[in-house]
Structure formats: C-alpha cells, structure tokens
Amino acid sequence: TLYSFLYILRLNEGNNTGINIDERQKMERENFTIWSIFFLEGFSQYPRLEVVLFVFSLVMYLATLLGNSTLILITILDSRLKTPMYLFLGNLSFMDICYTSASIPTLLVNLLSSQKTIIFSGCAVQMYLSLAMGSTECVLLAVMAYDRYVAICNPLRYSIIMNRCVCARMATVSWVTVCLTALLETSLALQIPLCGNLIDHFTCEILAVLKLACTSSLLVNTIMLVVSILLLPIPMLLICISYIFILSTILRISSAEGRNKAFSTCGAHLTVVILYYGAALSMYLKPSSSKAQKIDKIISLLYGVLTPMLNPIIYSLRNKEVKDAMKKLLGKIPLHQTHEHL
C-alpha cells in the first residue's frame, strides 16, 4: 500500500524540466496508445539467473501452498483452535495463498519464456489482487494485534470482548473494505493514459505501471494517497499502540514464567509484523534510481515468495497448540489429548 503514496511523492521528479507542464502533458497525450498487451522486463537482463530464480520461486511457492493450506486445514478440523487468534490466522494464510498465486505462476512462466508478456486484463487482475491481498495483510495484522492486546491486558474479559460474532464481523469488514479500496485504486490506475507497454518489473506492480503514465491527475493521485494512508500508517500505528500496552502489562507481571507465557502468545505475531513491514519499508522507502530498481526486483521477489512461506512456519514453531494440532492431523498423538490456551 506504499505504492501509490510513493508514486505521488515522486511525481515532481519528472516535472523539473524547462517545458511547461501543460505543454508536456499535451505532447504526451499525442503519444498515448491503448495497450492490449504488456511486456514484463523482469530479470531478462540476467538470463543465467533466471533458471536459479525459477527453481527458487517454484520451491517457495509450493512450500507456501503446502504450509498455509495445512494451517487453514488444522484451524478448521481441530476443536482447540476455534479461537479468535486462529480465525484471523486462517484468514492470513488464505490471503498469503491468494497473494502469491496472483503473481508467482506468471513469473514462473516468464522466467522460462523468451516472450515475457501479459495481456491487459491479466495485468489488471494481477494489480488488483496484489493490492487487495497486500492491504488485507496490513489490516489483518492490526486486528490480530488488537486480539493479542485484549488477551494479555484484559484476559478475564477476553471471551466477552472477542466473541465469535465480533471476530467474524472484524474479519468481514477487513476483507470488504480492502477489496473495495483495491478495486478503486486499480480502476483509477487503469484510466491513466500510458505512453509505453514495457513494465520494468516481473509483475504488474502498480508503481511500475504508473511510471509509464503520460499524464498525472491530481484527483486520482489524491484519492490514492488517502487510501494508502488509511491502509498503511493507520494499521501500523494501531499495532504500535497495542504493543506498547502489551509490553507495559507484561513488564508488570511478577513471575518469570508468567512473562514468558505472555511473550509466547504474541511472539509469533510480532515476528510476522516485523518481517512484513521491514521488507515493505526497505523495498519502497529509498531513493529512486536504476540501480535501486534492480535491487527492488530482488527484494520484491523475496518479499513475495519468502514472507508468505515463512508465516505458517513462524506460527508453528512458536505455538505449541499449532504443533500439537499438526501432530494430531498426522495421527501422532491421541485424539483425546487437549491443552489449555488463551
């Protein structure tokens, strides 16, 4: 969701010329063409690297599908995991599957193909799903942070505040809101005239597509900026506030065992938050240059395949209930064995 925000901040880079802006836009409109197909430059400058990236992306993608599908399955089948945290975790896993499936299959085909193309409708769908799923993760991580805040700071009222109806509404509102805003952003981006069809990326990332724009619209840019602020800084602020209260509550716990138990309930979520926002911020909050663009592709690839693959691993390794549920699914522990959880 930093895409449109940074696009607006960088608009002035192309306007510092001796030509009047209106004249420049008029000239660019004359070169405007409605493109039915786009070329994805991707990693075509490094043909030897493409085979390595294909194997890496394929393995990571299959691991993502397996890990997140398993996590969704155990949250459905295991009665011990019918809690708010696992409801949101199931949503997060589903989002990771959709996010990677939006771009990785196309990437895999293009890595082995000399014609790295994508049709207009495919580019639009890819742009929409990437925006929707990326923004959904921001909102879901904020909702999960609130869930951890209630579990640690108000444990006696946890079942009342975070009842099943409330959790279902929170998840539904998150998905509907983000999908609608992603649809708005995608529609606005596709209405901007493009003066080229060579996308300097391996996917139809909105920032890479908008770099081909012939003109800029103040209305479009303003709307995209407002949406970006609502879906990135605000959820990040809510996460920070939640963890400030969580940390202050944990530090007041007298016993070391109690503190360790409290840390373990939010450790996996905090790890995922740092991984997600760390990768996103390192990818977009830096000066724009040709060399940086090459690095962006590598980071974007790692972010797109590595983060969704690591999420189920992080939650499995740091959560005894998830590990026991996976063992139960594989038939390694008795069905009657249960464990206490928040």
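Heads up, the Cβ atoms here are built off N, Cα and C, so glycines get one too.
Remember, TrEMBL labels are computer predictions, not curated facts.
The domain 'G-protein coupled receptors family 1 profile' annotation in TrEMBL covers 67-315.
The transmembrane segment feature in TrEMBL is assigned to 51-74 (among others). Within its own chain, the transmembrane segment (51-74) is flanked in space by residues 43, 81, 89-90, 93-94, 96-97, 100, 104-105, 107-108, 111-112, 301, 305-306, 308-309, 311-313, 315-316, 322, 325-326, 328-329, which lie at least six positions past its ends and keep a Cβ under 8 Å from the stretch.
Under the heading transmembrane segment, TrEMBL lists 86-112 (among others).
What TrEMBL lists as transmembrane segment is 118-146 (among others). Here the transmembrane segment (118-146) has long-range neighbours at 1, 3, 35-38, 40, 85, 88-89, 91-92, 95-96, 98-99, 101-103, 106, 170-171, 174-175, 177-179, 181-183, 185-186, 189-190, 199, 203-206, 209, 231-232, 234-236, 238-239, 242-243, 269, 272-273, 276, meaning same-chain residues at least 6 beyond its ends whose C-beta is under 8 angstroms from one of its own.
The transmembrane segment feature in TrEMBL is assigned to 166-184 (among others).
Here TrEMBL flags 223-250 (among others) as transmembrane segment.
Positions annotated as transmembrane segment by TrEMBL: 262-285 (among others).
Feature annotation from TrEMBL assigns transmembrane segment to 297-317 (among others). Beyond its flanks by at least six residues, the transmembrane segment (297-317) meets 42-43, 53, 56-57, 60-61, 63-64, 67-68, 70-71, 89, 92-93, 96-97, 99-100, 103-104, 107, 201-203, 205, 268, 271-272, 275-276, 279-280, 282-283, 323, 326 of its own chain at Cβ-Cβ distances under 8 Å.
Away from its own ends, the transmembrane segment (166-184) comes close to residues 84, 87-88, 91, 128, 131-132, 135-136, 139-140, 143, 147, 223, 227, 230-231 of its chain (Cβ-Cβ under 8 Å, at least six residues beyond either end).
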